[in-house]
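This report refers to the structure that appears directly beneath it.
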Amino acid sequence: MEGASLNDANLTNSYFSSSFIGVNGFGSPAETKYSMMQRMTTSSSSPSLLNDGAKNFSHSTHDPVNSPTSSLFSDFGALSISQRRKAPNPAASEFIPKGAPRMAPMAQAPMAQAPMAQAPMAQAPMAQSSVPAFPSPLFPHPGLNSSTAAALAPGMSLSAGSSPLHSPKITPHTSPAPRRRSHTPNPANYMVPTSAADQGPHMIQKETVGGTTYFYTDNTPAPMSGMVFPTYHIYPPTAPNVAYMQPKANAPSFFMADELRQELINRHLITMAQIDHSENPDVPSEVDSYHSLFPLEALPPPNRMQKTSNFSYITSCYKAVNSKDDLPYCLRRIHGFRLVNTKCMMLVDMWKKIQHSNSVTLREVFTTKAFGDHSLVFSYDFHAGAETMFSRHFNDPAADSFFNKRKWGQHEPPPPRQHAGLLPESLIWAYIVQLSSALRTIHTAGLACRVMDPSKILITGKTRLRVNCVGVFDVLTFDSSQTNHLALMPQYQQADLVSLGKVVLALSCNSLAGIQRENLQKAMELVSINYSSDLKNLILYLLTEQSRPRSVNDIMPMIGARFYTQLDASQMRNDVIEEDLAKEVQNGRLFRLLAKLGTINERPEFQKDPTWSETGDRYLLKLFRDHLFHQVTEAGTPWIDLSHIVACLNKLDAGVPEKMSLVSRDEKSVLVVTYSDLKRCFDSTFQELQAAASGSL
C-alpha cells in the first residue's frame with residue numbers, strides 16, 4: 001500500500017487523519033446476503049471528498065477486474081493482510097469460501113458524523129427509515145455515463161468550482177505533493193437511490209488474499225451528480241436546535257460559553273495547584289504511592305481534640321497524584337485510626353465495583369504512618385471545583401430566621417416565599433432525581449450509603465450532584481465478631497431513605513434548622529405553601545414510619561414525569577457542550593500548522609547554512625507568513641483579520657489549487673503560487689527538519 005511508508009509528520013499534516021471506513025448499514029439484520037463493502041478513497045493532500053469519488057469511479061464503464069480501479073482493492077487487500085496475520089481468525093477473509101458474500105464489519109457512519117464541516121444537506125433522501133427492504137442488492141453501481149460526468153475535463157473535479165482562482169491544470173490529485181491514502185469516506189456515497197431505475201448492473205470485484213483470489217459483488221453507490229463539497233475546511237453556523245434554545249423559568253441555564261470556559265480553567269488550576277512545604281511542614285511530601293499533597297480543607301490544629309459530627313473521628317482531605325498512573329485523586333484521612341482487622345476489605349471491594357454518575361468512586365483504602373500517627377486513608381476520584389451542598393445552600397445564617405424561637409412580645413416572622421429566599425422547585429426535583437438514582441444503584445449492589453448529608457454531597461457546575469465519602473462508615477464501624485457482615489444493610493438502607501427525606505426538607509426550607517424535630521411542623525407548613533403536593537407527599541413518605549420496608553423505587557411514581565424533564569435538560573446540555581466542542585475541534589490542527597511554520601521561518605542556521613531560511617522553498621514560506629500576519633492597509637496601518645488567517649491556514653493544510661500572490665518585502669517581486677505548491681514546500685521543508693532532528697541526515 002502506498003501509505004505504508006508515511007511518517008508522523010505526513011499524518012498530522014493530513015486534513016483527515018481518522019481511520020474510518022464507512023459501510024452501508026441500511027436494511028434488516030436478516031439481509032446478510034447483500035454484501036456492502038465500502039471502498040477506501042484515495043486523495044493527495046486535499047480533503048476534497050467528491051474528487052476522490054469521481055476519480056475512483058471514472059473507470060466504472062470498463063472491465064472491473066482488469067481496469068485500473070481494481071488496484072485499489074489490491075491495496076486494500078494488502079492492508080487487510082497486515083492487520084490479520086498475527087493469529088488464525090475464523091472470521092478473517094482466508095476462511096471465507098469463494099462463493100460466500102463478503103460482509104464488512106463496521107456499520108455505516110451517518111452523514112452528520114463526516115469529519116469535514118459542510119453546509120447541511122437535504123435530510124429527506126438521507127433518512128434510513130424511508131428506505132424499503134430491496135429484494136435486490138441495495139446499492140448496485142450505476143454507470144458513470146451521465147452528461148455531467150462526461151463533461152468533466154481531465155484533471156478537473158466537481159469540487160473545484162468554476163472560480164478563476166482555481167487552476168484547471170493543477171488539482172490536489174495532479175499536484176506534485178506526496179500521494180497519501182485517505183480513510184475518510186465520501187459523503188456522496190451514502191445517498192439513497194431515489195428509484196429502481198438508478199440501480200445498475202452488479203460490479204464484480206476481485207481481491208487476492210494469501211494467494212487465493214476471491215470474486216464478489218461490489219454494491220458501492222456512485223456519487224450523486226451535481227454535489228459540490230468545499231475543498232478545504234470551513235466553519236458551519238450554530239446548529240438551529242442550540243441557537244433557538246431559551247432558558248425556562250425557575251430552571252438553571254444549560255447553555256454557557258464564557259462560563260463554561262472559565263469553569264474549565266478553574267478546574268485545571270485546582271488540579272495543578274501545589275502547596276508550599278516551607279509554610280506547611282506538617283503535610284508529608286509522599287503518602288504510600290501518592291505525592292504532591294494539597295489540602296482541600298483547612299487543616300485542623302495539632303492540639304484539636306473535638307471530632308467531626310459525621311464520622312466521630314478527626315478527618316482531613318487532600319488532593320494527591322498517584323505515581324502509578326499520574327492521575328489526581330482525593331485522599332480522605334481518618335486521624336488516629338488503627339485498622340485491626342482486614343476483613344472489612346471485602347466491603348471495600350464491593351464499593352470499588354460501583355460506578356455511577358452521581359457517586360464518587362472509591363478506589364482504594366490503606367493505612368499509613370506518614371502523618372506521624374496511625375491513619376486510615378480512603379482514595380476517591382478527584383472532581384476539581386466541587387463544593388458541598390452545605391457550603392452552597394446552607395451557609396447563610398439569615399436563612400434560619402424563620403425557625404428561630406421568637407422572644408416574648410415579638411411577632412411571628414412571615415414565612416419566606418419562592419423567589420425570595422427559597423430554592424426553585426425544579427432545582428429540588430433535579431437533586432431528588434440524582435440522589436435517588438445514586439441510592440438505587442448502591443442499594444441494588446447490597447450496600448448502604450450512610451453518608452446522605454449536605455456536608456458529604458458534592459455539587460459541580462450548576463446542578464450536578466455526587467455522593468461523597470461512601471464506604472467510610474462500613475470500615476469504621478466494622479464488627480469482626482459478626483458472621484454475616486451484610487445482615488444490617490437493610491436497616492442502613494432504610495436509614496438512607498430517612499436521610500434523603502431530611503435533605504429534601506432542608507432544601508425546601510433552605511435551612512438546616514427545618515429538619516430539627518421541634519421545627520418539623522413549621523417546615524411542612526412552609527413546604528405546603530410554596531411547593532407542590534407531590535413534593536410534600538414525597539417528604540412525608542420518606543420521614544414517616546411505614547408498615548413495610550420502603551424502597552427507593554417507591555418514590556419513582558412520586559417523581560413521575562419530572563424525570564423526563566431532567567432527561568431533556570441533560571440532553572440539551574449535551575447538545576450545547578457538543579456545539580462548543582465543534583467550535584474548538586479544529587484548533588489543534590491549526591496550532592500544529594503554526595508550530596511547524598514557526599520552526600521553519602527565520603531559522604538562523606541549518607546544516608551550517610545561515611541563509612537556509614531565506615532561499616528556496618523556505619523563502620516562499622516566509623512570504624506566506626508575511627501574507628498571513630503582516631499585511632497592511634492602504635494607509636499603512638496593520639490589517640488584522642482572524643478569519644483571513646484561519647482561511648489561509650485551512651487552504652494550506654488542504655493544498656487547494658487556488659492561486660495567490662506573494663509580494664516580497666521590498667515590493668519588487670511578486671510570486672503567483674497555488675496553495676498546493678505551498679503545501680509541497682511546507683511538507684518537504686518540515687520533513688527535512690525532522691530528518692535532521694532524528695539524526696538521519
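For all residues, glycine too, the Cβ spot is worked out from N, Cα and C.
These numbers come from a predicted model, not from an experiment.
Positions annotated as ATP binding site by TrEMBL: Arg332, Asp381, Phe382, His383, Ala384, Gly385, Ala386, Glu387, Thr388, Ser455, Lys456. The coiled coil feature in TrEMBL is assigned to 561-599. Among the features that TrEMBL reports, domain 'Pan3 C-terminal knob' is placed at 552-689. For 155-186, the entry in TrEMBL reads region 'Disordered'. The annotation region 'Knob domain' is assigned in TrEMBL to 600-697.
The Cβ neighbour count for Lys456 (ATP binding site), using a 10 Å radius and every protein chain shown, is 21. The average per-residue pLDDT of the prediction over the domain 'Pan3 C-terminal knob' (552-689) is 91, rounded to a whole number. Around the Cβ of Arg332 (ATP binding site), the same chain contributes Thr315, Ser316, Cys317, Val377, Phe378, Tyr380, Cys469, Val472, each under 8 angstroms and 6 or more positions distant in sequence. A sphere of 10 angstroms centred on the C-beta of Ala386 (ATP binding site) encloses 20 other C-beta atoms. Residues Arg332, Asp381, Phe382, His383, Ala384, Gly385, Ala386, Glu387, Thr388, Ser455, Lys456 are the ones the record ties to ATP, and the longest Cα gap between any two of them is 17 Å. Just so you know, the Cβ of Ala384 (ATP binding site) picks up 19 other Cβ atoms within 10 Å once every protein chain is counted.
In terms of DSSP helix, strand and coil, the region 'Knob domain' (600-697) has 50 helix, 15 strand, 33 coil. Taking the Cβ of Phe382 (ATP binding site) as reference, residues of its chain lying under 8 Å away and at least six apart in sequence are, in sequence order, Thr271, Lys319, Pro328, Tyr329, Cys330. Other Cβ atoms within 10 Å of the Cβ of Thr388 (ATP binding site) number 17 in total over all chains.
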